[in-house]
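Some features that TrEMBL has for this protein:
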{"type": "ACT_SITE", "residues": "96", "note": "active site, proton donor"}
{"type": "BINDING", "residues": "13, 14, 15, 66, 135, 179, 219, 220, 221, 241, 242", "note": "FMN binding site"}
{"type": "DOMAIN", "residues": "11-322", "note": "domain 'DUS-like FMN-binding'"}
{"type": "SITE", "residues": "93", "note": "site 'Interacts with tRNA'"}
{"type": "SITE", "residues": "191", "note": "site 'Interacts with tRNA'"}
{"type": "SITE", "residues": "194", "note": "site 'Interacts with tRNA'"}
Ligand SMILES: Cc1cc2nc3c(=O)[nH]c(=O)nc-3n(C[C@H](O)[C@H](O)[C@H](O)COP(=O)(O)O)c2cc1C
């Protein structure tokens, strides 16, 4: 089993969120957590601006590239191309319910075709020695997609999920990341489908019990250290999405879960001062510093100064973003800035 960096927590792939700016910022808060890129389609990697899509800073390691696709040959090509960038892991998206993705037979709609998923994983594995993982759901429901594996347009019971796992595991993915919620392909927006229907963690725990040799990572609704501890008694690792983005200080607690490391003495001032050279560098290159700074919006969540921080980083101003950051270090409450996160 290839899980060489032995992570127990990852930050989920999130389009328009987990770009390289956010990942750099996240690294100021946690060193050990595995970071995912946004989903990138295989076709974009083959035909698009590869440098723009795939470049990342070495500080972001360990980092996993998430690819969406449905054609094994295209996935092979995309993974071969990505080899040059030396990602720590390549992940196949088989869990995204977005029309843009599932309508093109990518993401969650692939779950109706587990043999094809297995073929894609095998194809990706033959293109790299790096771990190849897959992210999927506990089931799907669709009024349009049917297949011999899913003749009635849905599967949501444990037996069906177990059959699904047996088929895709023939390709030996290095980890299954399971979002503990059924993907609903029509009738709900992807945003709604991240909260509806309810999570079913027990189903994921039961999968780990049945597939003891598989590395199982659980995803969906994880918000506290206690949640993480509880999940880790059942499965191998956890993936966290929205809570890490909306409350980045949460990430500062993750490294304490590795090898009994003590809690970091990091403060929000350290994080802002750490991000400052990055923002200055973007400005010097004429790049979009506003976008990078927008990812820090939740840094003061639930703290005095939160509204001021949001206002400072989002209000257009004549000064540069790095000046705004320096000013923020003066104007935000110092006790909050200097308190351990
Ligand atoms: C804005 C946004 C974009 C997302 N984009 C992706 C994506 O590109 N690929 C993917 O597999 N999942 C994507 N997801 C789903 C997350 O990876 C994750 O599975 C989901 O948010 C549930 O985890 P959470 O409850 O910890 O947020 C996205 C979620 C959000 C909120």
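Positions of Cβ are set from backbone N, Cα and C atoms, glycine also.
Projection of TrEMBL feature records onto the structure.
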residue : record                     : Cβ neighbours (10 Å)
13      : FMN binding site           : 26
15      : FMN binding site           : 17
93      : site 'Interacts with tRNA' : 23
96      : active site, proton donor  : 25
135     : FMN binding site           : 28
191     : site 'Interacts with tRNA' : 9
194     : site 'Interacts with tRNA' : 15
219     : FMN binding site           : 24
221     : FMN binding site           : 18
242     : FMN binding site           : 17
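The two recorded residues residue 191 (site 'Interacts with tRNA') and residue 13 (FMN binding site) have their Cα atoms spaced 14 Å from each other. Ranking the binding-site residues 15, 219, 221, 242 by the distance of their Cα atoms from the Cα of the residue listed as 'active site, proton donor' places 15 first. The 6 Å Cβ screen around ligand 1 retains 13, 194, 219 from the recorded positions 13, 191, 194, 219, ordered by sequence position.
Here the binding residues for FMN are 13, 14, 15, 66, 135, 179, 219, 220, 221, 241, 242. Their largest Cα to Cα distance works out to 20 Å. Rounded to a whole number, the distance between the Cα atoms of residue 93 (site 'Interacts with tRNA') and residue 135 (FMN binding site) is 5 Å. Calculated from their C-alpha atoms, the gap between residue 219 (FMN binding site) and residue 194 (site 'Interacts with tRNA') amounts to 11 Å.
A straight line from the CA of residue 242 (FMN binding site) to the CA of residue 194 (site 'Interacts with tRNA') spans 10 Å. In terms of C-alpha distance, the listed binding-site residues 13, 15, 221 place 13 closest to residue 93 (site 'Interacts with tRNA').
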